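The structure under discussion appears below in the form of structure tokens.
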Amino acid sequence: MPASFADTTFTDPSRIRNFCIIAHIDHGKSTLADRMLQLTGVVEERAMRAQYLDRMDIERERGITIKAQNVRLPWRVDDTDYVMHLIDTPGHVDFTYEVSRALEACEGAILLVDAAQGIEAQTLANLYLALDKDLTIIPVLNKIDLPAADPDRYAAELAHIVGCEPSDVLRVSGKTGVGVPELLDEVIRQVPPPVGDADAPARAMIFDSVYDTYRGVVTYVRVVDGKLTPREKIKMMSTGATHELLEIGIVSPEPKPTDGLGVGEVGYLITGVKDVRQSKVGDTVTAARNGAAEPLTGYREPRPMVYSGLYPVDGSDYPDLRDALEKLQLNDAALSYTPETSVALGFGFRCGFLGLLHMEITRERLQREFDLDLISTAPNVVYRVEMEDGTEHVVTNPSYWPEGKVRKVFEPVVKCTIISPSEFIGSIMELCQSRRGELGGMDYLSETRVELRYTLPMAEIIFDFFDSLKSRTRGYASLDYEESGEQESQLVKVDILLQGEAVDAFSAIVHKDAAQAYGHKMTTKLRELIPRQQFEVPIQAAIGSKIIARENIRAIRKDVLAKCYGGDISRKRKLLEKQKEGKKRMKTIGRVDVPQEAFVAALSSDAQADKPKDKK
């Protein structure tokens, strides 16, 4: 039985191959992984289900991979047994750091491209990551069974980018299984075996960790040097914390405990820790006694790029929201949150996310898995504000914008790569310029496809940039971005005043040129949403003390003359004067209650409504 060879660990490194699959969303990565699981016999036919490795409901429903997964596969070539570790990576731009860690655990990568669509921006971004790590790239075209597939054209495009011959590009179909056995043979032939010192102190890199309700944190590692055995004390090198190894094993594709892991092997550890933040992705694990002195390179803390406030619609759900966020954080070390209060929305949390998809998925999981109704404020980025008196403030929430004289404001910028059919160049450039973008360069990948490189302020992207890009290019363009420092900008805070009082939930930090438009848009929208009162209510948009836009909600007037039939004019005048006095008094002491629905509509319709060009 060849399967038993893969079940024993401490395999000779020359017979191990570690590889991952790089692909854009929807190019069939998880389906190809399914075929590999079936071909190698790791998963029985009856236990098989589509997208076997995507465990979360949300992953299966949206068809995206969020958490990296790994599987140990047995395979025979030329009468020799080999062990392959397939590490399944997320394809989305928000999870680039996870991808880079997963790539660190491999020696080779399958570059998978849809034969009907060609290469996309995120595939390119991940390909460059893989080339940085000196991985062996095996170019593969998937979905060749599709009627729309054009393998010859895209094989030439792929060969041009990777630098090989079009005939070297393998052609497979993850759906029907055509070409997959040949692909596995190629992996064994082309991917170099792992290199490591078996006698050195143990060093293993964490490339993922997940929280299991019953067993605590399960940490996935790739052993680089030495070996790890159960009941041994281990140390995390970034935090210095020590834990006892309760269980160690391989994933095939269900976890199987073993008596340890050797050089080049990929598997899991369980230490009984309850918090994912203690086993950080990218950290180095070593033995507590006689451990390694130098950690493996490349670890960095995940940094939130986008902030948004989350508030329960019903205030009594606040403790539930806190528990839910705590549980999600067990599984997602990149999510950060701090409690905050808003005069308008009550108690809630300010949450930090890696990007827009991360934010959307977190929100959806809170609503679905924990059954919460949430309002989320418009997303914003982190600003650095220098004041005239030399103090410096870091602003994650428009309400905390410092009062007083501002000397400089810095905002984060990102480098964007957009790949699109060449007929859309004009409208893409127009879109990027309207978002304060600077063109960095442009290359033709083939006659019909072009790559544009832009530097854009992060704040311009997080709103609806992606949607606008898709609608201008009929859905053909793809986008990838990476952070690249900060730049000084002319930014101002726009407050929305009701009856002269600022409403914190509607404040926004926008570029000076877009402030007028934002103010006008919000005041008009609120005029429609806030119910009429007994007295006139002014809605104003202001920068500091300067009003830049105003709308009025007209008063509702009761007909006080209804009871006077005929009668003297002075009687009527008396009643009207009395009403006028009352309105005046009301106006000075009256409060405007903004209904919850108006908040939800004003904050959310920003994202869906008339897609303003100038919105931050």
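Don't overthink the numbers, they just go from 1 along the chain as shown.
The backbone N, Cα and C atoms fix where each Cβ goes, and this holds for glycine too.
Database features, via Swiss-Prot:
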DOMAIN    14-195  domain 'tr-type G'
BINDING   Asp26, His27, Gly28, Lys29, Ser30, Thr31, Asn142, Lys143, Ile144, Asp145  GTP binding site
Least surrounded among the binding-site residues, given as Ser30, Asn142, when other CB atoms within 10 Å are counted: Ser30
Largest separation between Cα atoms (Å) of residues that the record links to GTP, namely Asp26, His27, Gly28, Lys29, Ser30, Thr31, Asn142, Lys143, Ile144, Asp145: 17
Protein Cβ atoms within 10 Å of Gly28 (GTP binding site), excluding its own: 24
C-beta crowding around Asp26 (GTP binding site), within 10 angstroms: 14
Cβ neighbour count within 10 Å of Ile144 (GTP binding site): 22
Reduced DSSP assignment, Ile144 (GTP binding site): coil
Reduced DSSP assignment, Ser30 (GTP binding site): helix
Confidence summary for the domain 'tr-type G' (14-195), mean pLDDT rounded: 75
